Amino acid sequence: MVSVSVMGAGSWGTTLAKVFSDAGNAVTLWARREELASTIRDSHENRDYLPGITLPESLQVTSSATEALEGAAIVVLAIPSQALRGNLAEWKETIPQDATLVSLAKGIEKGTHLRMSEVIAEVTEADPSRIAVLSGPNLAREIAEGQPAATVIACPDENRAKLVQAAVAAPYFRPYTNTDVVGTEIGGACKNVIALACGISHGYGLGENTNASLITRGLAEIARLGATLGADAKTFSGLAGMGDLVATCSSPLSRNRSFGERLGQGESLEKAREATNGQVAEGVISSQSIFDLATKLGVEMPITQAVYGVCHRDMKVTDMIVALMGRSKKAE
């Protein structure tokens, strides 16, 4: 048993807190709002983000970051990618010095083009060997319901990866390890953009051939970007690559796919946001930062470019289709 702090009480953070608890650890979940923390403490349910799921009575919940982080051996960072830097700056002096930091965020930081593990290292000044990434085909509600799933723990330090692996292994949750942090993060960040494309396609009324083509060619451009950044090619055929991509592109539980469907049906970004309680899918923001990074590195990512066009340049879906189908002929 280890002491685990989960910083962030959204659907995924709450789910991972449940998994760590079910695996027999002492877990504290941090919620920014005391109102939410109090509700979870009293009802053992996160009605805002994970309604209908009963949380373990052993799970501690607080709105005090200092209280949540005290004595933690594993600190799970369940914070959206573009908010991670600001939160870490607040917690920097409170995070235990030798704790393993586990990133759940899937994105590339706007402006800096940094991966989330790089943001963590820069802000906290933690050695990269202390920073792990958890990623895979992990739709929160299915896991919270106890449906079997697998994931990847990527960390340069294999012993730390194994520590997290042992701590998060539950009867319904099987973690694997690798050392390819770059590939694991690139797969997780880019799949949100491809899922938006699949959602747009579905919302527009297109079928499974289109969906399969977007997933397959989407994986190809993700792997191109990963290779340029030094990732291991094998990562993209594994859980953090193809596994995560298929789940996110195919499931109605995927926020990115669902948001894309609304765009495909002709809704504006603002209307789609209103329909999702003011939340913008991660892929909308990531499409810009990933497109900018790809452009900077000279990596061809046509699907990402098209999604960026729809989300940020008022491109019509019909023009997106023409742009992708009208590209020059080439070998696969």
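Each residue, glycine too, has its Cβ placed from N, Cα and C.
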Query - Annotated companion of Lys106, Lys191, Asp244, Ser254, Arg255, Asn256 at the sn-glycerol 3-phosphate site, Swiss-Prot, chosen from Gly71, Gly86, Gly136, Gly226 - result: Gly136
**Report entry** Among Ala72, Ala73, Ala140 - the residue Swiss-Prot places in the same NADPH site as Ser11, Trp12, Arg32, Arg33, Lys106, Arg255, Val280, Glu282
**Finding:** Ala140
Requested in this report: Enter the number of other CB atoms within 10 angstroms of the CB of Ser11 (NADPH binding site).
Outcome: 22
Query - Local Cβ density at Arg32 (NADPH binding site) - other Cβ atoms counted within 10 Å - result: 16
Query raised in the report: Under 8 Å Cβ-Cβ from Lys106 (NADPH binding site), six or more apart in the same chain: what's there?
Result: Ser81, Met116, Ser135, Glu185, Gly188, Ala189, Lys191, Asn192, Glu282, Ser286
Query raised in the report: Using C-alpha atoms, which one of the binding-site residues Gly136, Asp244, Ser254, Asn256 comes nearest to Ser11 (NADPH binding site)?
Result: Ser254
Query raised in the report: If you draw a 10 Å sphere on the Cβ of Asn256 (sn-glycerol 3-phosphate binding site), how many other Cβ atoms land inside?
Result: 26
Report task. Taking the Cβ of Gly136 (sn-glycerol 3-phosphate binding site) as the reference point, list residues of the same chain whose Cβ is under 8 angstroms away and which are at least six residues distant in sequence. Result -> Ala149, Ala150, Thr151, Val152, Leu239, Ala240, Gly243, Asp244
